[in-house]
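A.B. asks: For reference, TrEMBL lists these features for the protein:
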SIGNAL    1-26  signal peptide
DOMAIN    70-400  domain 'Peptidase A1'
ACT_SITE  Asp88  active site
ACT_SITE  Asp284  active site
Amino acid sequence: MKRVKVGLWLWALVLLMGWSATVSSAAFFESRHRRKLMPPDPATTSFELNRVGSSVVFPVHGNVYPTGQYNVTLTIGQPPKPYFLDPDTGSDLTWLQCDVPGAICTETPHPLYRPSKDLVGCRDPLCIALHFPKTPKCDIPEQCDYEVKYADGGSSLGVLVKDSFYFNSTNGVQLKPRLALGCGYDQHSISSNHPIDGVLGLGRGKTSTVSQLHSQGLVRNVVGHCLSGRGGGFLFFGDDVYDSSRVDWTPMSRDYTEHYSPGFAELRFDGKPTGLKNLLTVFDSASTYTYLTSEAYQTLTSSVKRDIPGEYLREDPKDEALPLCWKGKRPFKRVSDVRKHFKPLALDFTNGGKTKTYELPPEAYLIISSKGNVCLGILNGSEVGLQNSNIIGGKFSMYM
Ligand SMILES: *[C@@H]1O[C@H](CO)[C@@H](O)[C@H](O)[C@H]1NC(C)=O
Ligand SMILES: *[C@@H]1O[C@H](CO)[C@@H](O)[C@H](O)[C@H]1NC(C)=O
Ligand SMILES: *[C@@H]1O[C@H](CO)[C@@H](O)[C@H](O)[C@H]1NC(C)=O
């Protein structure tokens, strides 16, 4: 009992440190691995948690570079089976590549998901929410069709089913809610380099896995993740893994309900204003890199370049890892070897007269390439067709 408490406290502490300055989630993460969860108590029903409050924590595997992909393991179905899913705060549907006749699937790490027979109907509130602002066609009233398309060109087409999900909550209770998920029978360009069983939709919409858990009274409507620069990290639902009084919260905009967006930000570099204001900002865990509008990208790269001490670092245009990389005297092993040559970035969000700052220390925007160069993990959004929004990808975020 005591061990668990200590474990949680350590977690919360490092999480908050990560928020303000350093990314020490690796240490954070080790403490989790050593922590033992209490055995589940079969007598406790999930609805009692309404009062108790709980969280679910998942280890995250993967890295921004070189794999460019993260995954969490979810246990789903009857009998329960594990699946690797790509966590995506930018979309609202969790789906698995599905074992139905004639299915078109990409390579998966596990056998395809065998769907339950429990179909979500076309007039079900979840189906309506999923199609909003359009309305579902309902040619087959007992079936809810879906189609998701991702910014990278990937897509999945299928039907919604309900099935059991298994979660170990932080208070030792095993949760076994029935949640809606997509049974995907037509997938394209999913997991070109790394096989994946499906996507874990963590968006703000009613159909996302975290929203469904919240509406069943199982966790509070909070999603957070902390990803280490060295790979790995964790993802959590609910709010009892950190001390919320020590976290800076900023409201998510009501104008951009599709995404986690706190609205417009002002960018600071090394504590000083850059003159860039009104940057519409979206947090998206599935985006490997951070993308800025062309103008912001231009300003940022010239500030970073201007500050680079030429005696230690030289631009290396031959490194194909990313557009902007620098070579040192010796190859770098980790970002901490070079962090002193880079300045922190910050985004200021002002809401109702209060300004909240989201800091990006060098660890949050640099990566080490396979050549041992240090590269900028911030890219020109115009080159990938993003118009006016700035996407804060990967590493560390918490949403409510
Ligand atoms: C997903 O995580 C597992 C460990 O749980 C790992 O073995 C696998 O390589 C990961 N897949 C990707 C695409 O990162
Ligand atoms: C929950 O914890 C038990 C005991 O540690 C473990 O065997 C099981 O795989 C876990 N389930 C999930 C869904 O993580
Ligand atoms: C960003 O990309 C767009 C489209 O490719 C290009 O026109 C623009 O010059 C780029 N901006 C910078 C700063 O490289």
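Cβ atoms here come from the backbone N, Cα and C positions, even for glycine.
Note that this is a predicted model, so its numbers are computed, not measured.
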A.B. asks: How many neighbouring Cβ atoms, not counting its own, are there within 10 Å of the Cβ of Asp88 (active site)?
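C.D. replies: A count of 22.
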A.B. asks: Taking the Cα atoms as reference points, how far is Asp88 (active site) from Asp284 (active site) in Å?
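C.D. replies: Distance between the two Cα atoms comes out at 7 Å.
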A.B. asks: Looking at Cβ-Cβ distances, which residues of the chain lie under 8 angstroms from Asp284 (active site) while being 6 or more apart from it?
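C.D. replies: Long-range Cβ contacts: Asp88, Thr89, Gly90, His259, Tyr260, Ile391, Ile392, Gly393.
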